[in-house]
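Comments concern the structure below.
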Amino acid sequence: MDLPGPIHDFLLVFLELGLILGSLGVVFLPNPIYSAFSLGLVLFCISLFYILLNSYFVAAAQLLIYVGAINVLIIFAVMFMNGSEYYKDFYLWTVGDGVTSMVCTSLFISLITTIPDTSWYGIIWTTKSNQIIEKDLISNSQQIGIHLVTDFFLPFELISIILLVALIGAIAIARQ
């Protein structure tokens, strides 16, 4: 989206605030329904980030798949659960929480130190040199496929990792 600088910055700050407040709501709200709605806000803000980055297809996929399907499924599942189960054995801090926070903090620190040292410019040029010329493609689905593995490789991989985590979480919940 080609916007003037101040408007783009304002929208970026507005989306960041929505993302931060929504993610804090997911973590800290005691009612699972409110947490699910906060998750919907987070996923909606992520799709708006993709629109600001001129990646409209990924934004539409994010909106349809995550907000429209996954979040509605989570809300549907939470509504069928017994609400009193959540408050029976409520501890503020457990050993598992400490281990999880240490693992997440170490992963965050390693990503923060690794990402600035990565040569993203070289990665972009290697994908551009292997790119198929779009005018030779027959259908739009082939063009979308080429864009997903070249121009939108990083968002595509992040979405696939999020789907994998959701699948593993669903399996873990189903086994209990």
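Just so it is clear, glycine is given a Cβ too, placed from its N, Cα and C backbone atoms.
Swiss-Prot annotations:
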type	residues	note
TRANSMEM	10-30	transmembrane segment
TRANSMEM	33-53	transmembrane segment
TRANSMEM	61-81	transmembrane segment
TRANSMEM	92-112	transmembrane segment
TRANSMEM	153-173	transmembrane segment
Maximum Cβ pairs under 8 Å to the transmembrane segment (153-173) - stretch from the list 33-53, 61-81, 92-112: 61-81
Residues of the parent chain within Cβ reach of the transmembrane segment (33-53), under 8 Å, 6 or more residues beyond its termini: 1, 8, 11-12, 15, 18-19, 21-27, 59-60, 62-63, 66-67, 70-71, 74-75, 78-79, 155
Intrachain residues whose Cβ lies under 8 Å of the transmembrane segment (61-81), provided they are six or more past its termini: 32-33, 36-37, 39-40, 43-44, 46-47, 50, 159, 162, 166
